[in-house]
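Since the structure comes first, as structure tokens, the remarks are kept for the end.
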Amino acid sequence: MASESDTEEFYDAPEDVHLGGGYPVGSPGKVGLSTFKETENTAYKVGNESPVQELKQDVSKKIIESIIEESQKVLQLEDDSLDSKGKELSDQATASPIVARTDLSNIPGLLAIDQVLPEESQKAESQNTFEETELELKKCFPSDETCEKPVDETTKLTQTSSTEQLNVLETETEVLNKEAVEVKGGGDVLEPVSSDSLSTKDFAAVEEVAPAKPPRHLTPEPDIVASTKKPVPARPPPPTNFPPPRPPPPSRPAPPPRKRKSELEFETLKTPDIDVPKENITSDSLLTASMASESTVKDSQPSLDLASATSGDKIVTAQENGKAPDGQTVAGEVMGPQRPRSNSGRELTDEEILASVMIKNLDTGEEIPLSLAEEKLPTGINPLTLHIMRRTKEYVSNDAAQSDDEEKLQSQPTDTDGGRLKQKTTQLKKFLGKSVKRAKHLAEEYGERAINKVKSVRDEVFHTDQDDPSSSDDEGMPYTRPVKFKAAHGFKGPYDFDQIKVVQDLSGEHMGAVWTMKFSHCGRLLASAGQDNVVRIWALKNAFDYFNNMRMKYNTEGRVSPSPSQESLSSSKSDTDTGVCSGTDEDPDDKNAPFRQRPFCKYKGHTADLLDLSWSKNYFLLSSSMDKTVRLWHISRRECLCCFQHIDFVTAIAFHPRDDRYFLSGSLDGKLRLWNIPDKKVALWNEVDGQTKLITAANFCQNGKYAVIGTYDGRCIFYDTEHLKYHTQIHVRSTRGRNKVGRKITGIEPLPGENKILVTSNDSRIRLYDLRDLSLSMKYKGYVNSSSQIKASFSHDFTYLVSGSEDKYVYIWSTYHDLSKFTSVRRDRNDFWEGIKAHNAVVTSAIFAPNPSLMLSLDVQSEKSEGNEKSEDAEVLDATPSGIMKTDNTEVLLSADFTGAIKVFVNKRKNVS
């Protein structure tokens, strides 16, 4: 029959609603037949078979009666009214099954409302894809038939009958589908999704055969559910917007796989337990211990190169997570300190400012104005210490710093009678007085030389140098002259450094104190820096040509870093021009001098004192300063490659020992930062806890596994380098006495072979800690370090350690006791030092050369070339192949002082059988 075929054809749309394609022009009647049957069967399976059949018969009778009664009225209506009537009946039937049964007889009333429905359906199209496509299907199918066929009574009655039957059956089917979903346990929120999944299964066959058609309006589904479950119809609107279109469900789980894929890419670059933000991880991420074997295969030696060092920004700010830490402005934007003002607004004078600052002596508890503390402060104090003193309002007197040494000296006369000691002292003074008088008499005959000799004897007795012009004495003497030597009381020898000699004096270049010196890894270059804001590079004579060729190679190729600073270009050009000269212009008398007398190059750019230096394995150099910046240099370039800005003074820096694309910086702002040089950013950072957050030292240990920092209050804090998380800490202090309060940490040096670290502090102590249990392995005493940034370091074979001192001596200890020299000694205490006196000011830095054979070969070969007299050293050279001398018993030592003098020592120990 025509009505049945029309109903079957129109019923194709509800099942095809989920296909989402464009609808065809032709009639999908064949497909609609199978679809209607599937929907009907699905509804019957739920268990409501009988009520549906009865509902069909009742509704059909009422439809026929209403059609006969109103047939004349229907003929007078417009075609579009008939078209919209089907939609009104569908909405009425969906809203309430009772209305669908009783109100169908009132067709004229329904037709009056049909004019509003198309506009409302158009609004629904923009809200939901399902609603839009279903509405289009309901509009188009009846209107197409109406336009193509002539309008007659029979056709319109048939269309009305089929449309009404369709709406009723559609409502019944949707109710049954919803009930089936409810039986399966869906809640209010999950019902729309369950209905979607159910329709997907029911119409699988249609999706395979039928062409793609637009989905239809699904607004009736939530309304029916709401009307059957709750009498209040206020809830249905939210569910109407809740169910998402069918296409999104497959796309909703799609994003998680993409995220997991990106995370897996990052996981391949780090260990699984690293908890680092993804923005901090790059393709060239920091090597970890677990990645060592894999990275060795891919990139045997990850290192920094000039291309990556010069790429990107020239000035990098210390921004963590995209913003300046703690909301502070970056260093380049920080305004200079404002001069304090009085209550009336007048600027205070320098005297008023100094008088207003009260500082406290930590040893005595005395508080004095800063203006009166100058005479009580230790001589040679550095500007960093003064800055910390102003911030902490604390200081340590020079006498208190030597308190333990005084106790040691006071313990000496306890073994002897006080009267006898006084008597010996008086006799010594009388003897010295006679010696001085005799020297005056000899001066008339032999001149000033005898006086200087007597003065040197006096200084050796008293270990003092008041008004002693020893520097002028040294200038007129050969560099092979032995220096003053002293040893600890009770240390009777044999000594290892009593025959040490000065072989070169590099004074006259630095204008002011030298705060730090560092050798390159190969031992051929020495970097020194300090108070004059300039970094100087000293090259060995036998390595000058190599580095000069390297520099000329880059200059001739025109490989200049982009936008170098003008002050760096101008200054370095003049400096390097004077330094670029042949190695034959040196003084022929300085045959034993290992370094060229003038610096290989000078790097200018810092605007305040330099505090620390660090070399990479391929000749990159980092310098940190009190101007709150870290600058990157390379030995082949004249200009600064990059500038890393900080918030406060940068007290310590260190290249990562295994991957020099990263470096560590410690600052007085309390933050430890791990910088990525190629990416020009802070890769990781952490902040020190506690009241005093001043970081005064930093380094790596265990071959880069841990980063260690030292603080002003005497703590050594360890961080896991992989993600810079806190690991453990050591409180560096004595158990009793004056040093039970932690003092400033000035240096941290690893002892690679034995898993230990060497810690220098301002309590005039050097401590060796075992990292396996954080126990104290050895404590070294004897030197004076109460307020300086003096730090101790190891010799090339870790047999000795050396440190400068505020008493103008260089102190050397054996790392471990030679038990053959002592009958009874504490294994965890080392008071047996050897001292060298070669400076007339505070020795601010002292280091061993990492490769002394490079320097000794020059010395020995020059002696061999003379051929006049063969020394024992030359005989040793003959016994060794390729002209390289054995260095097992030889050390090269360098020291710098508060006046800028740098001296080079060579020590050749006696052969021990």
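Using the three backbone atoms N, Cα and C, a Cβ is placed for every residue, glycine included.
When SER84, SER300, SER403, SER871 are compared in Swiss-Prot, the phosphoserine annotation sits on SER403.
When SER471, SER572 are compared in Swiss-Prot, the phosphoserine annotation sits on SER471. Scan Swiss-Prot for phosphoserine across SER126, SER582, SER862 and the hit is SER126. Within the listed segments 9-15, 58-64, 436-442, 450-456, Swiss-Prot records motif 'FFAT-like motif' for the stretch 9-15.
The region 'Disordered' annotation in Swiss-Prot falls on one of the ranges 1-24, 721-744, 817-840, namely 1-24. Comparing SER66, SER528, SER787 with the features listed in Swiss-Prot, the residue bearing the annotation phosphoserine is SER66. Taking SER162, SER472, SER574 one by one, Swiss-Prot attaches phosphoserine to SER472.
In the three-state DSSP scheme, SER71 (phosphoserine) falls into the helix class. Residues 270-271, 274-276, 286-289, 388, 391-392, 651-654, 656-659, 664-672, 674, 684, 741-750, 752, 755, 757, 759-761, 763, 769, 771, 774, 789, 791 of the same chain lie 6+ residues outside the repeat 'WD 4' (690-729) yet bring a C-beta within less than 8 angstroms of a C-beta in it.
Distance between Cα atoms for SER344 (phosphoserine) and SER71 (phosphoserine): 103 Å, as a whole number.
Each residue in the repeat 'WD 3' (645-685) gets a DSSP state, and the totals come to 0 helix, 24 strand, 17 coil. A 10 Å cutoff on Cβ-Cβ distances gives SER71 (phosphoserine) a total of 14 other Cβ atoms nearby, all chains included. Over all protein chains present, the Cβ of SER344 (phosphoserine) has 5 other Cβ atoms lying within 10 Å. Residue counts for the repeat 'WD 4' (690-729) under DSSP (helix as H, G, I; strand as E, B; rest coil) come to 0 helix, 24 strand, 16 coil.
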